[in-house]
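Here is the structure we will look at.
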Ligand code: GLN
Ligand code: ZN
């Protein structure tokens, strides 16, 4: 008999109930009791949904972030948030920070936020130092455990393991985080004991660090931890996900725990080895349903492989999704408008659990017991693999026809720079912006009306043109050198392009938590990508017609579209990226033909695609850079290509950035005192750079002096003739009354710099 369980369920709610409850609470529109009530309802619904499983996760729910919850459980919330207010207030203070004008108290900096492994989820980084002390705060977990038991499900508490916790933490005093392990383990021991006393039979202890490259110190920390935590009760299910174990495989198998969960989707090739190494008294949980994607599982094919494995493992086999379902949307049933054919190929969190049920029944009672479900699944899988909407021979041919020279500019940067200088006649320290201007309530209202068919296409276009006209006039008045049209017509930098390309569909409620109350709704890239017609050209042409200044065309790059979408799993990501690159390349060339002399291709999400293991970085960077070059480099030398990247580490990818060979790169630097430029300096990065001088995340209006000073810091690193002056990022989230004075100061700062040359 195989046991079925789940590692975690989305907590935001199918209609983002948690998001709205949080925001009401933060804005004082509801009280803590109402918020907690919504949270409890969501937990109960989630358990209800999972009730057919043998073990249901508890403690995976969080009001903000599961890592912050673990910090709370371990008594490690930063001290700075703990003055005044309720425990809940203190929790949110670290989650979101508190600014000085919020109240009469001091401001509190929010905890730093960073990517959860290779997902687009962001967690609050635990803060530690040599003198950190831990103390147990088990109330949250115990309460939720009791709630689940009262609901009659078999509850399996979920905690982040001690080594992963320390690995995720940041040391504030540069002390070695691992030195804290001896102080941390007794608190985990106490937690496990309390859970056992409360009746927990199993505890899922997550150690996803095991899929990363660990040095000896970290590996021995794993060993030490689990020798210390070993116990009869609760039984520990050591849980790994997001990849293969590789060098850590034997270690993971040999730890003194009662069971091991592995990601059998990404780590499919390792399953046999794990079976060999795993002592015969241990449970093996195979994560066979992809928790990172939205495609139906090919259940029949999976069973062909799984049945002999089940035969071998018998009672020891557990089945689960590969990782927590946090990373997929909640339910496909709420998508009545989704293209029916494509919808039949998809599975969101709830559907994935149904797949798990079917699979477990087939294993436990034979395939005949679920013959109907399996037949239906086979039809869906076949329809997807043969669909002409997935496979477009013309697209596949153009990808096959890509030649070396397609990714190559005609001349070197030095030669291009001269031609571009002649063509564009820009002053030194040219000023520009990153693309978007404020998305005003009027713009949003017009888009909503248009989507609800209350506004005709002509009327909508006229309103957007009016916004573009306004943006151009404002920029001319400000005296900016390179103008943008302002992106009024775009709902989102990826969705907008996806909507106009073949090969994509969009859900209405396919929200996935990004951090706290923030969600994203990734486009679904299901088939060969083709650009049926130009996307931005008419808008760009209109914008250019309003001014004699150069108008910068504005596109989202192939790598960013890929990394911010759910993408097909029936071909390598690199192949899909090449198709996207060809579509963007067509758009670039059409913009050039329409007389646009500067074209920016945003690659904000280039880093997001980096694999977990450094040894695989180069492979990714190679194809990602190739895709960018393919999209950008089909133009004449005189056409200037820009790219833009948001705040990001460049140290370890500077070579790739240089290989992209954009004529100009604009980056987010204002909060780093230009230190991010050091690596460009050391690497002798040859092309032009626009280091952001205006922090667009803040409503503050930077002064001329502040921006001139930042540029002087930039000048100390990069020769003046290669510098541009621009904000950190797009201005869509700001208001015109902030943007106008800030940009005026920016233009004045550039004038000062020119005068000082
Ligand atoms: N061109 C986009 C904008 O200005 C870039 C956004 C981004 O980098 N995230 O909004
Ligand atoms: Zn940006």
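Heads up, the Cβ atoms here are built off N, Cα and C, so glycines get one too.
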Quick check: of 298, 304, 602, which does TrEMBL put in the same L-homocysteine site as 434, 435, 436, 487?
602
Please state which member of 668, 675, 705, 752 TrEMBL lists alongside 644, 646, 729 for binding Zn(2+) 1.
668
With 16, 17, 18, 19, 115, 120, 518, 519, 564 listed by TrEMBL as binding 5-methyltetrahydropteroyltri-L-glutamate, identify the candidate in 461, 467, 608 belonging to that site.
608
Residue 564 (5-methyltetrahydropteroyltri-L-glutamate binding site): secondary structure state under DSSP, collapsed to three categories:
coil
Kindly assign residue 18 (5-methyltetrahydropteroyltri-L-glutamate binding site) to one of the three DSSP-derived states: helix, strand or coil.
helix
Do you know which of the recorded positions 16, 518, 697 end up with C-beta under 6 Å from ligand 2?
none
Let me know how many other Cβ atoms fall within 10 Å of the Cβ of residue 646 (Zn(2+) binding site).
19
Could you state, as a whole number of Å, the largest distance between Cα atoms of any two of 434, 435, 436, 487, 602, the listed L-homocysteine binders?
13
So what's the mean pLDDT when you look at the domain 'Cobalamin-independent methionine synthase MetE N-terminal' (4-313)?
96
Sparsest-packed of the listed binding-site residues (16, 644) - C-beta count within 10 angstroms:
16
Less than 6 Å between Cβ and the nearest atom of ligand 1 is the rule; apply it to the recorded positions 16, 564, 668, 697.
none
Residue among binding-site residues 487, 602, 668 with least C-beta crowding, 10 angstrom cut-off:
668
